[in-house]
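Record features (TrEMBL):
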ACT_SITE  127  active site
ACT_SITE  262  active site
ACT_SITE  293  active site
DOMAIN    121-198  domain 'Beta-ketoacyl-[acyl-carrier-protein] synthase III N-terminal'
DOMAIN    246-334  domain 'Beta-ketoacyl-[acyl-carrier-protein] synthase III C-terminal'
REGION    1-27  region 'Disordered'
REGION    263-267  region 'ACP-binding'
Ligand code: COA
């Protein structure tokens, strides 16, 4: 990048290239947890959970299976698909709310495990974290800050879920999804539409701050949720955001090849699809049935499954939208790798 002559107040170099997702990967822990394992402690039933959330089973990480381990398992196939060697990654972004260290971030350890010394940092935007990461990575690549960026959404939410909490015990789960964002000749990632509503900060939150946990000797904190508040916000608030992402990309719903929303609850997914008037035959991610709600991991996990099963075409257009604690959200249209 060269600077313009002194005093003119601008740079001569602008965006250098376009960006695209060049590879995706996913990791689902091996331990399958059916609804029957959850229901007794919350006085629920398999039928109720299926009907209210669409979840049939979820995965919990095994003993000692860390956020970093799961991230490596998701990143490795994503890098292979992208044809990018770890040393060619200029940055690693990890979106997570369940890495158990306040500092340092998970990303530097992941970068080390993969074999890159590139920039490495975490972002905390809960279920919207992956789409925030894709937005950052895309801008980094477009401006020449990085050639290839690894974005990982990963959660070990079983550590932060109370199995006695009727509102959350059946929802949250563990897993990792990854995408590589690379340089591209054509536009592969549309503009991101994002925002937050901090007035609803408490609608999904850790039940106690770390200070309270320490000072009041409260034991391990977990994530609490005002289910109906979140449900209403997602159903009424997120379809317009998804529509804005389509508008920003300059396309209409009938040009989509896939709709890949955050896997929060199948009723939210269905309501959004209806409000967006999506074509009836459009493939819609419903990975939640067998994976549960894996927060930051849910969108790349769902995309990885659809790509692997040949349900969506490479080169097609996918609308993805993440939303959750904050309350935060981010949406963009991407070209399917
Ligand atoms: N099992 C069985 N019954 C349950 C239950 C459970 N786990 N939780 C609540 N109920 C019962 C209640 O006791 C109540 O019974 P009543 O009508 O006899 O009084 C009834 O179900 C409705 O309770 P409510 O708390 O209003 O549940 P709901 O219909 O709002 O469903 C959620 C609960 C969590 C499924 C729903 O609010 C939801 O999907 N919210 C969005 C959650 C989400 O997607 N979060 C992720 C965002 S990132």
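Cβ atoms are placed via backbone N, Cα and C, with glycine included.
TrEMBL does not curate its annotations; it predicts them automatically.
For the active-site residues shown (262, 293), fewest C-beta neighbours within 10 angstroms: 293. The Cβ of residue 127 (active site) has 262, 264, 293, 295, 296, 298, 322, 323, 324, 325 as same-chain neighbours under 8 Å, each 6 or more residues away in sequence. Annotation note: residue 293 (active site) sits in a strand segment as assigned by DSSP.
Mapped onto DSSP helix, strand and coil, the domain 'Beta-ketoacyl-[acyl-carrier-protein] synthase III N-terminal' (121-198) counts 22 helix, 29 strand, 27 coil.
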